[in-house]
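Here is what Swiss-Prot records for this protein:
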type	residues	note
DOMAIN	8-75	domain 'DRBM 1'
REGION	57-97	region 'Disordered'
COMPBIAS	85-97	compositional bias 'Polar residues'
DOMAIN	95-181	domain 'DRBM 2'
REGION	177-205	region 'Disordered'
COMPBIAS	192-205	compositional bias 'Basic and acidic residues'
DOMAIN	207-274	domain 'DRBM 3'
DOMAIN	307-375	domain 'DRBM 4'
DOMAIN	493-557	domain 'DRBM 5'
REGION	580-606	region 'Disordered'
COMPBIAS	588-597	compositional bias 'Polar residues'
Amino acid sequence: MANPKEKTPMCLVNELARFNRIQPQYKLLNEKGPAHAKIFTVQLCLGNQVWESEGSSIKKAQHSTATKALAESSLPRPPPRSPKADSNSNPGSITPTVELNGLAMKRGEPAIYRPLDPKPIPNYRANYNFRGMFNQRYHYPVPKVFYVQLTVGNNEFIGEGRTRQAARHNAAMKALQALKNEPIPERPPQCSEEKKETEENSDASKSEISLVYEIALKRNLPVNFEVLKESGPPHMKSFLTRVTVGEFSAEGEGNSKKLSKKRAALSILQELKKLPVLPVVEKPKVHYKKRPKTILKTGPEYGQGMNPISRLAQIQQAKKEKEPEYMLLSERGMPRRREFIMQVKVGTEVTTGTGPNKKVAKRNAAEAMLLQLGYKASTPLQNTPEKMDNKGWNGQRAAFPETTSNTQKGILHLSPDVYQEMEASRNKGVPGAPGNFPTAKEIGQGSAGPFCTPSVGNTATIAKELLLSGTSPTAEALVLKGKAPALACGSIQPSQQLEYLAHIQGFQVQYSDRQTDKEFMTYLTLSPVQMTFHGIGSSIPASHDQAALSALKQLSEQGLDPVDGPIKVENGSCDIQAKRLAERTESKPTNSGTTAQDCKDSKAVV
């Protein structure tokens, strides 16, 4: 319905039925049509009378039936109700005080309410010469009356009521009756004239505050806005703002800070425009130095050291051609030894690459594609040996470390040149010392060493003496005591010193070598105590010396556990011996105190 207070046909039917003391009944008779456009038929029974009607919804059909029933029904109608008397003379829900506030804001005059003291009750003194009146037992209190003074501009109104709010409403009603017919006062002509002049002389797109800042910036004057005063009720505030530009100052007042600031700027603009015009000074042209080119022309070595995948993508982008397409062709091998084959396609060129993982295979495929396209290989700038995984004799994985890592404390690195200098100095210090030492075959094949129960102290002492002076009096004494042929140990290589110590103490030394691009790696094992060491050098003897030096250093600090029973050195390659030794260690767990961490700490290069 247009008016929400207007009653609907169904509501009127209910009133008619209530007046005649009958019950209206609505029945849904039929429902037809598609789901999106149904038509409902509703029947209304009001006493003995029946009406039917249709609609697009049940509610609309009910309203249509009720409308037809109201028009055709012969039942007596209820008398119309008289409208309720509105005690409030003010139409709507707006109170007189709110309406007066709106009118006062339009007029630009604040409405101020002040409470007044009530009138004093008159006191009549009785004459004491006559007989007193009958004293009433119950006295009804005199109702208290509140008074409020209302000031709107130059007009004053007095309101009274039983409460302070009623007195305010009474005063507001009197003010509304007096001010409704009065015209709204116009603003002072000075402000309008100043505003017109300012708009004519200044740019219309700029405010007065912006113009003040522009003039102050040109004349290098400071600008400061300050709110001096804030007065008036909360709904009708009045602000007084002062603006200072150098030696000039002005004030502006308004019902908001923005308006007072604007009026203050408008006032001071008149003073700033009276200043003399500044002379025009041409600014010198600023010459900017051209930045040097940081990107140099690429030489023939450009791209070396880069990731081949990124390099290949950059080449295709520079050619404005399609980027390389990578695809995994196959995956083969055991679960822990996978081998992936990746294919890269650039235009009509196709290459493949293999690797232990997809990343390495993709890199190798990109490297092969670069070589096929005629570019140089993307060799790294710094040759860093790849990490090599190898199974130790005890079944544990032992990785050859990278040369770029730091050396552990206590591990000494000696190059072949240093070894030669040390050897020369030792030869000078010990004349007549033999330059050669018997090899492993000469130490007796098929027979045990002369001593089967070496002590930890003897091993550490002999190792220290060999490291310091190149000879070991303790070892010579043990040889004489055992009635074995004396084996002198002069200033020889660390690998020969270690073999001499192994012959004296009765343990076996085994080397396993592997070659990389420019270096040799040695995996040294002392059996059956299962102590492992590593060495890296430019040649096999140098890598052997590195590993042996690390072993001597470790033995000089910790010694060697006793060896149970003689050791028989078998003929054959080092790989065969390693396999047989691995079978022995699997069947008999070692009681050596040397763990994987000890082996890791004993590496020659970390």
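The backbone N, Cα and C atoms fix where each Cβ goes, and this holds for glycine too.
Note on the domain 'DRBM 3' (207-274): mean pLDDT across this stretch is 91. Shown for the domain 'DRBM 3' (207-274): DSSP residue counts in helix, strand and coil, namely 27 helix, 24 strand, 17 coil. Each residue in the domain 'DRBM 5' (493-557) gets a DSSP state, and the totals come to 30 helix, 23 strand, 12 coil.
Per DSSP, the domain 'DRBM 4' (307-375) is made up of 27 helix, 27 strand, 15 coil.
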